[in-house]
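> Let me give you the structure first, and then I'll get to my questions.
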Amino acid sequence: MSAREVDVVVVGLGPGGESAASQLARAGLDVLAVDRRLVGGECPYYGCIPSKMMVRASDVLAEARRVDGLAGTASVTPDWSAVARRIKDEATADWDDTIAVERLEKAGATVVHGEARLVGPRQVEVAGETWTARKGVVLNTGTEPAAPPVDGLADTPYWTNRDAVPAEQAPASMIVLGVGAIGAEMAQAFARFGTRVTVVELFDRILALEEPEAGTLMGQVFAREGIQVLTGTQVERVSYDDGTFTVEAAGQRLTADRLLVATGRRTNIAAIGLETVGLDPEQRALDTDGRMRVTGAEGLWAIGDITGKGAFTHVSMYQAAIAVRDILGQDGPEAAYHAVPRVTFTDPEVGSVGLTEKQARDAGLDVQVGTTDLSASTRGWIARAEGLIKVVADADRGVLVGATVVGPSGGEVLSMLATAVHAEVPVTTLRSMIYAYPTFHRAVEEALKALG
């Protein structure tokens, strides 16, 4: 076994890892960048980007179907092949990371495809070769789709997002287990292309981690679009025979051509050698300080999903910038997670930031809540748009600690509220602003007025 030295080894090249490796290499450090799959990670190949192409295409169909009564008449014929072709050619380059590899190499990093494992402090083994990192190792190993322990499920050819994204045609029917962001987006997208969709959720509403009002509204939207919504439903058994899935749940037998499992994800840390640096390989996430240093392990940084701070590309990129500054010895703000924004790209979009009302109350805050229907705003009325804006304030400090926007471009309207939560802008200041008319974000003013 040979040994080589570099300044930094980056293990896992999702958006955060790729960014960290590139920045460190451009700063003049000798960087080894390793990934067992594709440089870029889940986001550009199976997540954010191709899934939003699916969403965009389905939204176009939905808009065309809204022409009646607004602009005349129209009819549309869905064709999934156009979506599949765009995902293959534009988003993923046929699931080839050559361009991403070349981009990293141009920055000055050495890129290796292979399984990487810690074998000691500042030491990583890749393909039988041990690399020693003079400054340290950055872990960005991400997550994998996780399937629930349902009887029979493991013996069936179920889909995860990694199977749904490359699909060349929309199935005639589909059952979706789990209706968080991934399940909700894909359920609606396929349904709009003609797939008969049933969603099954263990919790009492879809989008269970969001405000109850958001999940309730989206459940109504799904039902109106022909999606069968089963909430508070425990799946007992799954079987597959002759091209058909059968799901037994709450006394019902559901059948479909495809089964999409979107019940969550698990971190990829069990097999990366944490025990060789004195850490527990069974932990679900790595504890990090404000500079992204892993607690209890010298010369080890962690970023992205494995930190447990939110499985979002933007969180990983944010953490990468902090880790890079620390490795380079530069000053800068430490990590703060009180204002993490998140968006579910359904129609209407669900954008949220910070704490929900329940989380704020559980934290012991003196909570004030303000809510307004988007349809009550002039822009919402003109657009015939469904939605709402909900703001959650800490009355003692007079600042917002959370907000939710449901509506067209909900993720964009969220931006000003994310700024308010992050910067702890006084509610009095937000109320004194001038809000452009007629815009969707003008409804924020009404939600602020309703605080109480």
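Each residue, glycine too, has its Cβ placed from N, Cα and C.
Where the annotation comes from TrEMBL, it is an automatic prediction and has not been curated.
Feature table excerpt (TrEMBL):
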- LYS52: FAD binding site (BINDING)
- GLY178, VAL179, GLY180, ALA181, ILE182, GLY183, ALA184, GLU185, GLU201, GLY264, ASP305: NAD(+) binding site (BINDING)
- CYS43-CYS48: disulfide bond (DISULFID)
- 7-320: domain 'FAD/NAD(P)-binding' (DOMAIN)
- 340-447: domain 'Pyridine nucleotide-disulphide oxidoreductase dimerisation' (DOMAIN)
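Mind running through what each feature is packed against?
Under the DSSP three-state reduction, LYS52 (FAD binding site) is assigned to helix. Other Cβ atoms within 10 Å of the Cβ of LYS52 (FAD binding site) number 15 in total over all chains.
Counting every protein chain shown, the number of other Cβ atoms lying within 10 Å of the Cβ of GLY178 (NAD(+) binding site) is 26.
Non-local neighbourhood of CYS48 (disulfide bond): THR313, each in the same chain, at least six residues away, with C-beta under 8 Å from its C-beta.
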> Roughly where does the domain 'FAD/NAD(P)-binding' (7-320) sit in mean pLDDT, to the nearest integer?
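Over the domain 'FAD/NAD(P)-binding' (7-320), the predicted model scores a mean pLDDT of 97.
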> When the Cα of CYS43 (disulfide bond) is compared with the Cα of each of the binding-site residues LYS52, GLY178, GLU201, which one is closest?
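When the Cα distances are compared, LYS52 comes out closest.
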> Just name the winner among CYS43, ILE182, ALA184 (the recorded positions) by count of other CB atoms within 10 A of its CB.
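When each Cβ's neighbours within 10 Å are tallied, ALA184 leads.
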> Three-state secondary structure of ASP305 (NAD(+) binding site) from DSSP?
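DSSP assigns ASP305 (NAD(+) binding site) to helix.
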> These are the binding-site residues: GLU201, ASP305. Which one scores highest on other Cβ atoms within 10 Å?
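Result for the most crowded candidate: ASP305.
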